[in-house]
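In what follows, a structure is listed as structure tokens, so that the remarks can point back to it.
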Amino acid sequence: MRARQVKSLPEVAGSGDESPGQSGAARDGGEAADALDAALRAEQKYVTRVYARLDTEREAAEATLRSGPGRGGGGGFQAAVEREVAAEEAARALARLSGVERALVFGRIDHRADGDAAGDTFYVGRIGLRDEHREPLLIDWRAAAARPFYTATAGSPGTLVRRRHLHLRDREVARLDDEVFDLEGMSEDDRSTIVGEAALLATLRRGRTGRMGDVVATIQEEQDQVIRDGLQGVLVVQGGPGTGKTVAALHRAAYLLYTHRDVLERRGVLIVGPNATFLRYIEQVLPGLGETDVALATVGELYPGVRATETESPEVAVVKGGLRMADVVEAAVRDRQRVPDGDLEIEVEDMTLRVGHDECVRARDRARALRAPHNVQRRAYAHALLDALALDRAEQYDRITDEPLEDIAASGGVPAWLQELMDEAEESPLLDEENLRLAKAELWQTPAVRGAIDALWPELTPEAFLDELFADPERLRSAGEALTEAEREALRRPAGSPWTVSDVPLLDEAAEWLGEDDPAERARLRKARREREAEELYAREVIESTGVADLEIVDAAALAERHHDDGPALTTAQRAAADREWAYGHVIVDEAQELSEMAWRAVMRRVPTRSLTVVGDIAQTGSPAGARSWGEMLDRYVPGRRREQRLMVNYRTPAAIMRVAADVLAAVAPGEVPPEPVRDDGPPPAAVRIGPAELPARLPELVRAELAPIGDETGAGKLAVITSGAAREGVRAALPDVAAGTAPEALDAPAVVLTTTESKGLEFDSVIVVDPSGIVAGAPRGGQDLYVAITRATRRLTVVHDGDLPEMLSALG
Ligand SMILES: Nc1ncnc2c1ncn2[C@@H]1O[C@H](COP(=O)(O)OP(=O)(O)OP(=O)(O)O)[C@@H](O)[C@H]1O
């Protein structure tokens, strides 16, 4: 049973009193109303003060920005940097202060009195603010002092005597919810971690807007543990649908950046999510949480320069996602490092230059022995062959000039002085160092030589390499020994085919083996990186020495960048996203169950410190190349070193829908326990039988009927029609006016048609699932897809079917 200790004022009489610790003794209605008024007035006064402070700070930042860094003003580089620091600080402060207008203050905690001394009271909000005397006015939700607001439970309230939720409408205090902790006699129930229930349920009842809500005011204890877990190592967050995994992961990103800013501001945080729609869905939340330096990417975007969105058939996805592809890529790279079958022979200016087969093999082996990627090893191979070719040419020249003399010598007519010269020449090397260098350079410019070396050991981009591999059955056969004939056949496709999501980890793998293809570009990047680091160090020193060291709002890296190239300042996230070899300070993977083994390799490469948060639900794995267990994917990277947190409370799906979902879960993942729903509202889910022929007439009707109550209740509801792949075209034809797919506008539309894959991670007030049997039959993990589809609803679920309902939905029959 859940302990219900939350009362909305005015039920909690006396809690309007400023003195903490009073519990709700019964009073008559008049007194309670007075208490509520007094409480609201007192809180309004405080909230007004906090907003006034926000305005003052905003104006100050604006004024600094208006005066600008100033172009002139002398004072040398140091002064120029100082002015930039001030402007930079002001710009960042302004961005920070502007993003928090809504619900700036949302909580208050009262600590127990200590002897005669009154207990401390703190207000908790989206950022920290101090008054004009530098006294704390508002505590940042991520600060240690705010922690009890999230962690206190009836069972373990710590030193708290009261927690209060403040609900603001614009800048007005609209409602208060109090929780008065009774220190005696309240047993701790597992589910009593759902604290602030009234505040929570109010948040949950809000209509969906197509954007993930900001739930910073109602973070729950089990989520708080996830958010504030340490930075080091791998944290796995396993939880059923709607348990707030994404919410917790986003708040964790904000929390980590706040708490470990020193490490993370320069290295950044990467969030990997399932699809572009999903990332769009969450990206507005991050600035709201006070952070902008977080890079978001799908797996299809992990390799700079490619944005893959197309997926493959399950068979191809399984092959491309499997670890054996790492061997295939390695073997295919080695296949591009050839020696000629016999001797290497090249026609140059009427002369046949020759390098013996054995020498070619030695050159290749020496190049391969270098611990360097293919394109770098190629240079060693080319040098060795050029050496041999230059020598061969010199010998041939030598023979030509020597021949007439040798003829004379053979006839015994060589004068002594000439014999001496010939002996000397015999002993001295044919080419000195300088001549060798010149000869090699010249040969390198000769098309026949360059062509021969390119053919043996070509310089390769990952794109060209993979394209050629998949287009050439011979290459696939040679490199794909680890695969079956059918698997190799599955990989085949015409040259120039568009990149798919499962190609991206392979491009990344290939890039590791091949290395940068342009040494000059690589050197330029290295030099630029070194210079920027020096600038950053300098900017940091200036920031510290000038005393504007409220460092959380000054980014030395961005400042140095601006100084460095005078171009637009790039954020850490932007720089990181453009650099394949960027090492992030922390990586968060959401819907992580979908990542293939090859995708995990690409992710792990981006975080050599193995500081990761892995968020997902094994029972929702839809991708045939995705995870069956966390150990299967992660153990090889962090053997025995991962922590696991489970989220067990479902904040999204009402109990009646969850009962149906539980049957599906039992069928597809018998070991998994469905999360317990918090909500018990909304109508029972329904099944409607509609044949394909009737869809055009009846589906629009159903959509209209579903949208009407949503609109009436909140005015901002959302509906999704989630369909099987097989029924998709029919559904779209039946709903020509309804948005479809993952285009950005679709999120803002009142209704949208999606496939199960597209609906991953999203939620809607009302969901119509079309063709459940088709969903189950349409993919190797179709049952999991159905589980995902029916758990997207926050209020209403209708299942449209033609034949019999699948067995696992029999509760709807
Ligand atoms: N503490 C909370 N207070 C208010 N709302 C919450 C809280 N935690 C989660 N929610 C809400 O519950 C819903 C589900 O959260 P979220 O999308 O993070 O779940 P999830 O575990 O990622 O789900 P899925 O696995 O199905 O994608 C969201 O609307 C979120 O705002």
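A Cβ is built for glycine as well, from the same backbone N, Cα and C atoms used for every other residue.
Just so you know, TrEMBL annotations never went through curation; they're auto-generated.
Feature annotations, courtesy of TrEMBL:
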BINDING   Gly239, Gly240, Pro241, Gly242, Thr243, Gly244, Lys245, Thr246  ATP binding site
DOMAIN    218-654  domain 'UvrD-like helicase ATP-binding'
REGION    1-32  region 'Disordered'
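Comparing Cβ neighbour counts within 10 Å across the binding-site residues Gly240, Gly242, Gly244, the minimum falls on Gly244.
All protein chains included, Thr246 (ATP binding site) registers 26 other Cβ atoms within 10 Å of its own Cβ. The secondary structure of Gly239 (ATP binding site), as reduced to three states from DSSP, is extended strand. The Cβ centroid of Gly239, Gly240, Pro241, Gly242, Thr243, Gly244, Lys245, Thr246 marks the ATP site; residues of that chain outside this set whose Cβ lies within 8 Å of it are Asp617, Leu647, Asn650, Tyr651, Arg652, Pro675, given in sequence order. Every protein chain shown contributes to the tally, and the Cβ of Pro241 (ATP binding site) ends up with 23 other Cβ atoms within 10 Å. For the recorded site, Gly244 (ATP binding site), the DSSP three-state label reads coil.
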